[in-house]
Amino acid sequence: MKNSNSSLESLPTTFILVGIPGLEAEHIWISIPFCLMYIIIFLGNGTILHVIRTDPALHQPMYLFLAMLALAEVGVSATTLPTVLGIFLFGTTEINFDACLFQMFFIHSFSIMESAVLLAMSVDRFVAIHNPLRYTAILTLPRIFGTGMIMGLKSIILMAPLPMLLRHLPFCGHNVLAHSYCLHPNLIHLPCGDVSINNIYGLFIVTSTFGLDSLLIVISYGLILHTVLSITTGKGRRKALNTCGSHICAVLTYYVPMIGLSMVHRLGFHVSPLVHAMMANAYLFFPPVVNPIVYSIKTKEIHCGIVRMLSQKKARI
């Protein structure tokens, strides 16, 4: 009981967040690209959500999964916005301990959901190419919404123990974080006690979500490629592969920065703090900025839906 009380007493009241190391004097200028990114994220993903919601022709599995992806990306960005803009615009570097755990929980929960949606989208593309005649019969609306609920619950259940595990560790005055937001790989380096359980559980989450999802995505695309190669006409092959182009871009923009950040956290002990900050920002900001642009340009139905929406607004004016 004594050890429990002493660990609670050693919890920091606040954490100190860091913007871009070495560029503190330029934070007000750095805030401009961050503000632009947030505008693109909320406007771009919000537009996709609105078009899919209002256009009955887009109430199909592919576009409903895209709506889930946009929702997860908006969730991640909305969670980071208060601390990121607080640092760059107002110089607010402190965050309450519980607020930091709250932010960490939602950043990682939405990230887990985003990875799961990318896997669901790859399965959707496989079913559409391998068995197009039974596509809507297999991916019915109840199954799609049920899948969305399972993905959301899975991310919440997996992440729930992490804040509680962190609360039972002694921090011994260590409270300076390496980013503008709270991430578990960064938080886990601060305690002065035994973090083996936290590391094991964190590794379990990574392997059972991102690791398993990425493996199944690769398998899905292997099956897609096998199916495409069995199509006799070159035109048919190109048409089938074109339906996967936007999703492949989304997978790469999500997993490449995430793998880079993971390697920097685990292997880059002598890497500049600036590299840590840039990799973390790329991991969180690159996918939600790029994906709505890619889907708006490369997906004909989304592009036409946006054009129709803008045309209707002009007509009303």
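For all residues, glycine too, the Cβ spot is worked out from N, Cα and C.
According to TrEMBL:
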- 28-52: transmembrane segment (TRANSMEM)
- 44-295: domain 'G-protein coupled receptors family 1 profile' (DOMAIN)
- 64-90: transmembrane segment (TRANSMEM)
- 102-123: transmembrane segment (TRANSMEM)
- 144-166: transmembrane segment (TRANSMEM)
- 200-228: transmembrane segment (TRANSMEM)
- 240-261: transmembrane segment (TRANSMEM)
- 267-286: transmembrane segment (TRANSMEM)
Query raised in the report: Between the transmembrane segment (102-123) and the transmembrane segment (200-228), do 3 or more CB pairs sit under 8 angstroms, pairs being 6 or more residues apart?
Result: yes
Query raised in the report: When you check the transmembrane segment (102-123) against the transmembrane segment (240-261), do you get at least 3 Cβ pairs under 8 Å, counting only pairs 6 or more apart in sequence?
Result: yes
Query raised in the report: For the transmembrane segment (240-261), which stretch among 28-52, 64-90, 267-286 has the most Cβ pairs under 8 A?
Result: 267-286
Query raised in the report: What residues in the same chain, six or more past the boundaries of the transmembrane segment (64-90), come closer than 8 Å to it by Cβ-Cβ distance?
Result: 17-19, 27-28, 30-31, 34-35, 38, 41-42, 45-46, 48-49, 52-53, 103, 106-107, 110-111, 113-114, 117-118, 120-121, 124, 141, 144-145, 148, 151, 180-182, 250, 284-285, 287-288, 291-292, 295, 299, 302
